[in-house]
């Protein structure tokens, strides 16, 4: 068994890799912060153990492993009446198992009082009886034997589970150590960590839980170390592949449905009383969001308005006009419910390449701009040009939209420090995968996981213009949008009700919708994962644009 010292994260990451004498240890405050991050990850995973205690726990587990190898028959002792502690309290739990292995072995014996010496004599009825003497064997029923066998199997599985959980804890510890090595440029030690983590992956369940999450982060770290920080393709695949994965992610879990329902409700309320409305969608993606809005407008009191939809999307790799095909399908739906409809497709590889004139907005129209997880892609900086986010927000404001709906990941993956970004991503995507495991839509789940995996790869592997998954929390978007000339709109009770009703379609308990100063968040248990907000352009021209 290899020991890992959590108190020296800046040093060796495994027993097979010695500390590099040329690498200076990180400052005390940084090491303490790193240990606190690891403690938080362990606590979030349900383990009552601190990173500073991992060495002692590993030593105890080594003793337990040795005892199990040397005395495999003694595993039956685990079927005794001894109370086994919660495996999450690893130190106490391992001690309870060790205490059982260190007890003297028992065997079927008779205790007889010698009348002459008045002392107890142990007589082994199984091994010391004379051949001609009758042996009295304990009468054990078939049911009792089956029960004992089942208890033995169950407790052996408990031991295996505990060792798997220990490997999971060490994986988290080594992921953090490897990320720290990458941040300080010690790629030799980082490579050694990768090799050790690949070995640990063989000892955990990689189908779910920390094993699956760790596998994705190990792959991302490998790509960063061996392929460079460009990490290959920016999006990790073709536009067509991304659309397919997006669709399966939409079907497998409620996050995109929440985004669409919430945004549609806000847009519907903003268009109330207007006869000519125009929606600009920053990411059309099969047009999944708009059938519900078209049907809602068809039922509007007083009759539906004229609806114009401009959908922005990537050019088709095979030369087909896929945007037009989506528009035709939406037009057929609109015609079936008597909604006047016009569609315009704008093909652009990047949102910052879109110009306002391409949208052909009529001044008499009430405009809604819809951005579902797209604005964070504009947060990269380039010294040779203006900030993309400032440029796009400027021309959005020039359209004077009635409403701008924004849905973004509630995460902070745009930090300059790699270790901070890596730690936040490990927290965030562990929760995301946990929530996905609870969903029952099995056929779409595997491809939905690939969709998330590609996000992880971009956050961890890429830098510069290649890193487009620059998620920021709602608090930062509030500051940025307010400074760019927008004021927040309160998402009403109807949007909250729509989101809450959506969750009833998913049998998994744990999803929750929360109201946050007029915005809505959807999360898993206590962790918000995406946030929806609505904004309106300030018309007095006094907005303070960021420099």
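Each residue's number is its place along the chain shown, starting with 1.
Using the three backbone atoms N, Cα and C, a Cβ is placed for every residue, glycine included.
TrEMBL has this to say about the protein:
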type	residues	note
COMPBIAS	10-35	compositional bias 'Low complexity'
DOMAIN	39-105	domain 'Transcriptional factor DELLA N-terminal'
REGION	1-35	region 'Disordered'
REGION	246-311	region 'VHIID'
REGION	325-357	region 'Leucine repeat II (LRII)'
REGION	367-458	region 'PFYRE'
REGION	461-536	region 'SAW'
MOTIF	277-281	motif 'VHIID'
MOTIF	375-379	motif 'LXXLL motif'
Review point. DSSP helix, strand and coil counts for the region 'VHIID' (246-311)?
Key: 35 helix, 12 strand, 19 coil
Review point. Are there residues at least 6 beyond the ends of the motif 'LXXLL motif' (375-379) whose Cβ is under 8 Å from a Cβ of it, and what are they?
Key: 282, 350-352, 387-389, 392, 406, 408-409, 414, 468-472, 477
Exercise for review: Report the mean pLDDT of the predicted model across the region 'SAW' (461-536), rounded to a whole number.
Suggested key: 91
Exercise for review: By DSSP assignment, list the helix, strand and coil residue numbers for the region 'PFYRE' (367-458), in that order.
Suggested key: 52 helix, 13 strand, 27 coil
